[in-house]
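Here's the structure, in structure tokens; my notes come after.
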Amino acid sequence: LAEIKQLGLLSVMQKLKGSTELELRIVLLGLDNAGKTTLLKCLASEDVNTITPTQVSKYTQNQPLIFHLVYVIDSADKKRFEETGLELSELIDEENLAGVPILIFANKQDLCTASPASEIAEGLNLHTYRDRVWQIQACSAVTGEGVQDGMNWICNNLLKKK
Ligand SMILES: Nc1nc2c(ncn2[C@@H]2O[C@H](COP(=O)(O)OP(=O)(O)OP(=O)(O)O)[C@@H](O)[C@H]2O)c(=O)[nH]1
Ligand SMILES: [Mg+2]
């Protein structure tokens with residue numbers, strides 16, 4: 001995990017379907033330059049009132065309230081696909097994160113050099129993840145496209161658990 005840049009812990013108060021209020025904790029991870037900060041800004045600009053990003057300086061393995069992981073990938077940086085895949089698999093093998101649902105953002109889809117999310121999913125062997133629910137979502141943190149779809153997936157997971 002040492003090389004994973006830890007970005008932020010997001011405490012999100014989401015009002016779902018008008019009546020339910022849920023607190024959602026997200027740990028946002030990814031290699032440097034993947035687009036984590038841009039994604040946070042994108043989320044914050046969409047709903048400043050309900051999202052409170054907190055920058056934390058260090059990843060602590062015993063975070064008590066991790067409900068979801070979000071892993072960001074630069075879809076246009078093919079040279080680092082192997083590296084990011086290794087980091088992701090280490091994360092998946094973390095004992096403390098066993099079973100934690102994971103959303104993978106295939107970010108920077110606005111670039112014409114970006115690989116499609118389906119190709120990235122294959123390269124990362126996502127289909128072999130059997131201990132948790134996972135989702136890969138194509139997005140652009142710059143245009144905002146796909147970001148809300150990813151967040152909706154997380155919200156739907158929470159609703160299912162209730
Ligand atoms: N075209 C494009 N550029 C993006 C996108 N997301 C991020 N970037 C750019 O990629 C670079 C890195 O983005 P950051 O958000 O700083 O990445 P980061 O993951 O926070 O990087 P570190 O803080 O170094 O770990 C910046 O120049 C962003 O403008 C995207 O969806 N599309
Ligand atoms: Mg950053």
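Backbone N, Cα and C atoms are what each Cβ position is placed from, and that goes for glycine too.
Automated prediction, rather than curation, is the source of TrEMBL annotations.
TrEMBL annotations:
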- G30, L31, D32, N33, A34, G35, K36, T37, N107, K108, Q109, D110: GTP binding site (BINDING)
- T37, T54: Mg(2+) binding site (BINDING)
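T37 (Mg(2+) binding site) sits 10 Å from G30 (GTP binding site), taking the CA atoms of both as reference points. Counting every protein chain shown, the number of other Cβ atoms lying within 10 Å of the Cβ of K36 (GTP binding site) is 23. For Q109 (GTP binding site), applying a Cβ distance below 8 Å and a minimum sequence separation of six or more within one chain yields S75, A117, A138, C139, S140, E145, G146. Look at T37 (Mg(2+) binding site): DSSP puts it in a helix.
Among the binding-site residues D32, K36, T37, N107, Q109, the residues whose Cβ sits under 6 Å from any atom of ligand 2 are K36, T37. The least crowded of the binding-site residues T37, N107, judged by other CB atoms within 10 A of its own CB, is T37. Cβ environment of A34 (GTP binding site): V72, I73, D74, T84, N107 lie under 8 Å away, each six or more residues apart in the same chain.
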